[in-house]
């Protein structure tokens, strides 16, 4: 059986490009004079995130700038992704402190267990999402870098609802 | 009175059992699997019943009894876990926690602390005590042991260890009540070759070894049953390892060898044993230099060299090598015609533990001198003399070659060095094979009295290092001299069938506690 070709007659009015083009241009002109901004003007305008957003880490510090961490080892123990490296040591006052404290943010799954388990409220996940770097190595945050972070700490519980704790 | 033979009926938590007269309730309860918490009681020490944690309810008794000292009486009915007993223990824990700093996150005992366990178990999560906690700080009791007075619960285990086992009563409880603390009478530091045992007996984190302070958390350590290589006593230890390092050794109970104790020398020796620069690849001589090769090449080179008939074999072995390794070397030497081997034994002052006379820090500071002797190697003070002018094949097994004379081994037709570290003297070897330390392989040591004890592999060997018995048996197979052994147990079985002193022994018989070789003095005690 030969293949038949069926020619459909389209009405000129509907198949004309001119009409659609004018319609589009009309919309463009409309927005030129009365703009509607549905999209967000990032990075001028930052995205508002929940206070319970779990982003990259931040270490709480004492007033003198020392990290609050006592190197107890609970966060590397609880961490399901094994992304925390901690080597404890003794300082000149005989106190335990973290000689090495590194978090691999690539490995981290941002579960927030480290913040939850910390007995001295030192390590926190933060309300923060801008993490771009030029090299992969920079994603291993050392103690100095963790202490230098300034973003707000994540709230583990809904601050509006104390019963959620 | 024949009290000791008399059996008494006792019911513990509804289970009836018969125990000999004089058994304490605590010991009887352990037999039915009822766990009674205890701090001051330690099976190796006397029981003063000061901690009041082991209180149990006894029917007919007006108040709970301390089960660690209360002997069982006939027809006694004991309840270890009733409301009354629990309430009594809860009160005891509450008192102990009154001034306890609860600094578990930074305390080295966390994870192995009995106070932590029971406080958690009894639900002591809030305190009713409103006064400020007494802060007493920390101090040293020996140059190596730090004492945290705040954490101390005054169970006096350490005091009793020094009194009863070390018979060196230096520690006392100073002051009374909540101001009490442990110290020497004069406040000076004391020294005792068995002092670190007080760290082991401490149920909390009050006494801490500086060597271990802040090094690792208890739950981070992998524990492996092993034997201390520090002297010929062969104390049973469990090695705590973390990240391919030995972090600590703790005594493992063995009533025939070391009970619950071990010496400080052993503990210090074993920390980081085998760490540092090691021989990681086999090396074969190529002209003037040693070239790294892989195992098949190394074995090819070695079997070729042996095929060239280098002459009779002599050896310098280490008395720290396992029986399996020594036996494999003996087999290889017999293939070539053995001229015998020698080993040297470093010595040091002996120290004894008066409360447990079986345990001494022995003069011979190697674990397997007896084993080397039983395998036909000679103990010698001048090991290099016999090997120096030797013209045949010369094997050095795990000896460090420290103090070797210049040009050592250059006369030998074939000089094979099997060891862990490359001493300059070993650089003149024709073939260097990397071997593993005792912690990196399974094997056995024979202690001073002929007791054969197994140790398990705790670490991985560095690089291509293999136990010598493994490479040695592969070599023997190539030379057509017997089957290849794939496990240390197989080597030991072959050893036991060949060496009369080890007859009837195998890895299953040895178990984790070891067994005496028949005919040795250990056989009588091991049974």
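Glycine too: its Cβ is placed from the backbone N, Cα and C atoms.
According to TrEMBL, the domain '4Fe-4S ferredoxin-type' annotation covers A:59-89, A:99-128. The annotation [4Fe-4S] cluster 1 binding site is assigned in TrEMBL to A:69, A:72, A:75, A:118. Feature annotation from TrEMBL assigns [4Fe-4S] cluster 2 binding site to A:79, A:108, A:111, A:114.
Everything TrEMBL records as a feature, shown here on the structure.
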residue	record	Cβ neighbours (10 Å)
A:69	[4Fe-4S] cluster 1 binding site	24
A:72	[4Fe-4S] cluster 1 binding site	24
A:75	[4Fe-4S] cluster 1 binding site	24
A:79	[4Fe-4S] cluster 2 binding site	20
A:108	[4Fe-4S] cluster 2 binding site	23
A:111	[4Fe-4S] cluster 2 binding site	14
A:114	[4Fe-4S] cluster 2 binding site	23
A:118	[4Fe-4S] cluster 1 binding site	21
**Complete:** Of the binding-site residues A:69, A:72, A:118, within 10 Å of residue A:79 ([4Fe-4S] cluster 2 binding site) (CA to CA), in sequence order, we find none
**Chain B neighbours, filtered from binding-site residues A:69, A:72, A:75, A:79, A:108, A:118, Cβ-Cβ distance under 8 Å** = A:72
**Request:** Could you name the residues, excluding A:79, A:108, A:111, A:114, of the same chain that surround the [4Fe-4S] cluster 2 site, i.e. Cβ within 8 Å of the Cβ centre of those residues, in sequence order?
**Result:** A:75, A:78, A:80, A:81, A:83, A:84, A:103, A:109, A:110, A:112, A:113, A:125
**Message:** Within the domain '4Fe-4S ferredoxin-type' (A:99-128), what mean pLDDT does the predicted structure show?
**Reply:** 94
**residue A:114 ([4Fe-4S] cluster 2 binding site) and residue A:72 ([4Fe-4S] cluster 1 binding site), distance between Cα atoms, whole Å** = 12
**Item:** Secondary structure content of the domain '4Fe-4S ferredoxin-type' (A:99-128), with strand meaning DSSP E or B
**Value:** 5 helix, 10 strand, 15 coil
**Asked** Do you know the DSSP helix, strand and coil residue counts for the domain '4Fe-4S ferredoxin-type' (A:59-89)?
**Response** 5 helix, 9 strand, 17 coil
**Nearest of the binding-site residues (A:108, A:111, A:114) to residue A:69 ([4Fe-4S] cluster 1 binding site) - Cα to Cα** = A:114
**Message:** Measuring Cα to Cα, how many Å separate residue A:114 ([4Fe-4S] cluster 2 binding site) from residue A:75 ([4Fe-4S] cluster 1 binding site)?
**Reply:** 5
**Fill in**
Students should find that the Cα atoms of residue A:118 ([4Fe-4S] cluster 1 binding site) and residue A:111 ([4Fe-4S] cluster 2 binding site) sit apart, in Å rounded to an integer, by 14
**Prompt:** Do you know offhand how many angstrom separate residue A:108 ([4Fe-4S] cluster 2 binding site) and residue A:75 ([4Fe-4S] cluster 1 binding site) by C-alpha?
**Reply:** 12
